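What Swiss-Prot says about this protein:
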type	residues	note
BINDING	21, 22, 23, 30, 31, 159, 160, 161, 198, 207, 208, 209, 210, 211	ATP binding site
MOTIF	22-31	motif ''HIGH' region'
BINDING	147	L-tryptophan binding site
MOTIF	207-211	motif ''KMSKS' region'
């Protein structure tokens, strides 16, 4: 390992990066408990970079004004949930041009067959059909690789559905480093401690998702409490009436226990013990109460941020400035190593 390589590793060993798309009016409970809650904890021990991937959002059709509104709303939600701009860097992807620039370099390093094997593209394109599938969806993994590699993070919180993309990112980093010299850290993916996988309320064997078949299966963080309570109380369970944690045989009941445990900090075992002899109505009612206790102050904080758009834009501008500084340093190194003529402007 060269001195330059050692310096690069030392600078980035404590850096973490992740993002969440602005493709809905509200983030849902699965977004928070499965990802953002852990991001908040990571701020204390890592140099954290969190971003809103609006470039990724346009791989499918978006209404311009809706995308703009969802992007600023997404930032307000992240801040209200606990992302602290004093402890992390929060920015919008399109505010840092280096993402698109590095994406092209990485696309040129990716084999067509390699990109064609990405299962998310195959799944989504088969559902949409060739005529409604953009080339941007095909190159999505290379943009994701650029998002990550620009900041030279050591760790990337990642869900199971993104593991293949992270493996491609690692492959591209190693390929570039071996061919041109080390410019990138090869990041490790990890699922943070305490991450909770939340399932659809109407189909508790499927992950809660904004693209789910039934909107009643999703708990949106900004929904009116009455709407969320109704969805919790109509959640699919089973017919035996026994409250037990058994994801395989009682997925609906287990999902409600996980939600309540994650929101209250009470262990699942303690919850199950407390419900001995009780029915599903008690479990659903308590889960709905825990959700309302969480979302009520959240929405108040969210409204404060949304009512001061100037402050929101200031926070994002500061984040973009820092992100650009880090990203441009990486991009300049890449451009030099790959043989681009340096610009003197």
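Placement of Cβ uses the backbone N, Cα and C atoms for every residue, glycine included.
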Residue pair residue 23 (ATP binding site), residue 147 (L-tryptophan binding site) - Cα distance, angstrom, rounded: 18
Packing count at residue 210 (ATP binding site) (other Cβ atoms within 10 Å of its Cβ): 16
Extent of the ATP binding site in Å [max Cα distance among 21, 22, 23, 30, 31, 159, 160, 161, 198, 207, 208, 209, 210, 211]: 20
Residues near residue 208 (ATP binding site) in space but at least six apart in sequence (CB under 8 A): 28, 29, 30, 198, 199, 200, 201, 217, 218, 219
Where residue 160 (ATP binding site) falls in three-state DSSP terms: helix
Cβ neighbours within the same chain of residue 31 (ATP binding site) - under 8 Å, at least six residues apart: 20, 221
Cβ-Cβ distance under 8 Å to residue 147 (L-tryptophan binding site), same chain, at least six residues away: 17, 19, 51, 53, 93, 99
Rounded mean pLDDT for the residues that make up the motif ''HIGH' region' (22-31): 94
Residue 208 (ATP binding site): secondary structure state under DSSP, collapsed to three categories: coil
Count of other CB atoms lying within 10 Å of the CB belonging to residue 198 (ATP binding site): 23
